[in-house]
């Protein structure tokens, strides 16, 4: 176990929230609690036998209104390893395409008496809207350009394993900050834990007044990398861009692609992270992405399952009257 | 032909043009004000309304509403509204304008605004002269800015010739795109598509230049930013025919109101920064703003109970128009006479309607108002066809006790003597 930087109360007071819509609204010790809870699942997942009947008899619905492979799979595995009945609802096969409103879909899911609903949606705020209407815990698996809290938690867990402490840690997040919910959740999570966060993007991909979120703003990637302990690269979200934001991927790579030469500006032991899916040869060169000992990209995926197990476990404790949470 | 008995509202405090308040009575016959002042008394056969010392004002003239919603307008003391052309079938041909112009009678006057371009697409000019014949009192670009400067210039030349004012939406469409919020910390934290507030000043700068070139009168329906207001202020100093309006939301709220993705605060233009909110108040005080309108746009859950960016912009504003404007009076920003200039006299003048003021010969659109009476806005109990107000549960002051359209009773509440 990692030495505790934060203490938290026993039982239900450690996490007094009914759902996980965002990192915003979480206290540092609540984030820390979730990270601690995830450690046991990291251990379990490294065993051959990786099943626990913690959520046995519970139904978890993964309602994904936006395409996803990795996050959906991660949530599905997390639920199944904890013994829950996991159902996936994908947009392509749902009545959302027939004009049903989001609220009606939410009420339908609610009537099916799910014990937790995991939601991804292309519109910012959609998950909060559903969370306000259903009785069970709601987990945000990404809403528009707003938040993706489990991604930030798994990134924090990955960093904690490698760096142990966050205070003063220099984290550079580079890429399409404007369209990135991962960036927003990571900024909230990492600054809350005491890291010094830098964000780097061309002006067109940098949201206004982002410095009000306690980050340093860079447009020059080399300057942003200098002395960094963690380098987090983001994908260009072409599908969310209205109009032209950059002249070409080639030009973007020239200015913001993470190469070995560029990585040398960071600390010698700087971690390389990417939430995936990667565009190799655009925002990150293959040799950097595969750099043994430095690249955390597969570790992030591993931590993702553990974090989602922790979130599903913790958020259903009230409903299943777990000891100390009833 | 008005066959109703003459009306006399007695024992009121009469708000006269110029802002003077005098005790007295007001009498109307055949729909027009025939006498006003301390010496006026009811004649035999008159319908008499005892105002019990309350304020007697002109009925409000609401410039730029999106729906004719009489219960809400009557609640709010509004006797006339200029209807935006953005209807299910847009007001871009004479027959629809003619129909809309009749749609409020007898107890409400609708002044249709002629759509400037066909289907409001901002491309081909609509039949504006024929729509004027059909009852249009002004021309409006609709919810959107006309992006093509050549089209806008031709429109302004044409309306200058016809003597009609163009009511413009002031947001540069290229910058706004699909934005639903003003760029800034709030939009960034919420991850909402946003556009810089300067989109407004850019649109206003171009349209003032084009209006000057054409010698046309232009009215910006909502001017909500310091930079936009500065341009209007400077244009007025130069003597151009430029006027500006605003809705109370923009002097009451900043973009903080959209926190938690509150779609009732999703407006067009979007709510601005706190600095801009203060600039709007200053512009009301110094005369840069000429009109305060509700922008009444009732929207049910099918339009509002959606993710923020997918929801429709707009608020049901008719019921709160008067009390929120009276906030400015209580705060000492403007005297009460000026409040009613903004709410009634100025919009009536812009529409060329002989209303919006208590004067002999004007149409007898009369409200009896208790400017101090407190009440609480409740979106579940609104008179409007939908309760989408960002002021839900907010205490306000100012209530219409009685309303008369053309000297005929629309609604009265029992008035307790003061």
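Cβ coordinates come from backbone N, Cα and C, glycine included.
TrEMBL annotations: computationally assigned, not manually curated.
Feature annotation from TrEMBL assigns carbamoyl phosphate binding site to A:70, A:71, A:120, A:148, A:151, A:276, A:277. Look at TrEMBL and you will find A:98, A:181, A:235 tagged as L-aspartate binding site. The domain 'Aspartate/ornithine carbamoyltransferase carbamoyl-P binding' annotation in TrEMBL covers A:20-160. As annotated by TrEMBL, domain 'Aspartate/ornithine carbamoyltransferase Asp/Orn-binding' applies to A:168-314.
In terms of Cα distance, the binding-site residues that sit within 10 Å of residue A:181 (L-aspartate binding site) are A:148, chosen from A:70, A:71, A:120, A:148, A:276, A:277. Neighbour density for residue A:235 (L-aspartate binding site): within 10 A of its CB lie 19 other CB atoms from the protein chains shown. Around the Cβ of residue A:276 (carbamoyl phosphate binding site), a 10 Å sphere holds 17 further Cβ atoms from the protein chains shown. Within 8 A of the CB centroid of the carbamoyl phosphate site residues A:70, A:71, A:120, A:148, A:151, A:276, A:277, the other residues of that chain are A:68, A:74, A:141, A:142, A:182, A:275.
It is 15 Å from the Cα atom of residue A:148 (carbamoyl phosphate binding site) to that of residue A:235 (L-aspartate binding site).
On the 0 to 100 pLDDT scale, the domain 'Aspartate/ornithine carbamoyltransferase Asp/Orn-binding' (A:168-314) averages 95 in this prediction. Across the structure, residue A:151 (carbamoyl phosphate binding site) and residue A:235 (L-aspartate binding site) place their CA atoms 14 angstrom apart.
In the structure shown, the C-beta of A:148 has more C-beta neighbours within 10 angstroms than that of any other entry among the binding-site residues A:70, A:120, A:148, A:181. Contact with chain B, taken as any Cβ pair under 8 Å, is found for the binding-site residues A:181 out of A:151, A:181, A:276. On its own chain, residue A:277 (carbamoyl phosphate binding site) has A:70, A:235 as residues at least 6 apart in sequence with a Cβ closer than 8 Å to its own Cβ.
Figure note: comparing Cβ neighbours within 10 Å for the binding-site residues A:71, A:151, the maximum is reached by A:151.
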